[in-house]
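Data block below; observations after.
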């Protein structure tokens, strides 16, 4: 069992959870993830590790409530326990000094981009960060990302905070002003990563993305997390979660992400219905 130490609401439907996992906290590196199961009847769900503390033996994850399991997680409180937390899994981000790098985070991807940007800064790089969200209330981790960045650009789709526009427009500003980007890291919704990759390919800028497809066991046995990278089949849980953005088949990834959307919606609706009955 893993005790929950802290929970926090970061934005509408967006939550932070800090949980005791000393062995994972000691071994985890930026880019790696865990598989979490709330109880014996729960499904196993992957979450990228946003932060860790070796002194307290805890790890931090950030998640958005999109279905039954994440709704159950949002109902948990400090002092409650989670049955399984397995990790760290996946290959960590390769850290080296390359020069100027740009780290882009959108949605829950902000929490994943943060430790990577931090690691790249510690490796001696100039880190330019971009955070994007649909609206101001959906932004989070701004202070954390700013603290480890040489410069931070913030944008919202509706212009309610920062610059109005998309992260690709912010990236274009950096390129146009002459920043010699040696690496771009983009983590967020699939359409965002797709269009960042399209832009950086035009400028021949190496780009990596972190993928979060359907995943069941996290060990490569089930094949549920398969993606096409450079025409070859890769398993995100063991070959990733990070890949060369210019080689990822984003169209196929989008289709696979929608495979069980109907079943997921039914499960979530049933959970909400049962919750209402319980309150009654």
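Glycine is treated like the rest: Cβ placed from N, Cα and C.
Annotations in TrEMBL come from automatic prediction, not curation.
The [2Fe-2S] cluster site recorded in TrEMBL includes 222, 225, and the single candidate from 155, 237 that the record places there is 237. Across the fold, the C-alpha of residue 62 (FAD binding site) and the C-alpha of residue 237 ([2Fe-2S] cluster binding site) stand 18 Å from each other.
By the criterion of other Cβ atoms within 10 Å of the residue's own Cβ, the least surrounded of the binding-site residues 62, 222, 225 is 222. For the [2Fe-2S] cluster site, the Cβ centre of 222, 225, 237 serves as reference, and the other residues of the chain with Cβ at most 8 Å from it are 213, 214, 215, 216, 217, 218, 219, 220, 221, 223, 224, 226, 235, 236, 238. The binding-site residues considered are 63, 64, 237; of these, 64 has the fewest other C-beta atoms within 10 angstroms of its C-beta. Cα of residue 222 ([2Fe-2S] cluster binding site) to Cα of residue 64 (FAD binding site): a span of 25 Å.
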